[in-house]
Amino acid sequence: MTSRNFWKHSIYQIKQPYYMDCGMPGRPPGEDVTTVWKRCTDNYDCSTKCVIRYQYYRTYKGGCPSTVMDPCEAMARLHNGGQKGCEMPSTLNYWEDIVKP
């Protein structure tokens, strides 16, 4: 699937810029970023390491309206949309997919 011309991989739907920002775990020196991004995001342990290391929620939760938004929703929308994820209408679809029964 694609979003804004970036491929998303794995359970976390990690886009390549997100992978690069999290420090590119699993990348040997000199390896092509696209190749290692696909390999890491297809591997549960590697992609989980990226998400834990990146910690978007802790860094950017101040940009979310805590009085009207559930913390779980804020975390999901920041993870999906980056630092402005709480403000982006496009991240609502991601959140709605998470809370579907």
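Glycine is treated like the rest: Cβ placed from N, Cα and C.
Since the structure is predicted, the reported quantities are computational estimates derived from the model, not experimental observations.
For C50, the partner cysteine in a disulfide bond according to TrEMBL, taken from C22, C86, is C22.
In TrEMBL, the cysteine linked to C46 by a disulfide bond, out of C40, C64, is C40. Distance from the CA of C22 (disulfide bond) to the CA of C46 (disulfide bond) is 11 Å. Separating the Cα atoms of C40 (disulfide bond) and C50 (disulfide bond) is a whole-number distance of 9 Å.
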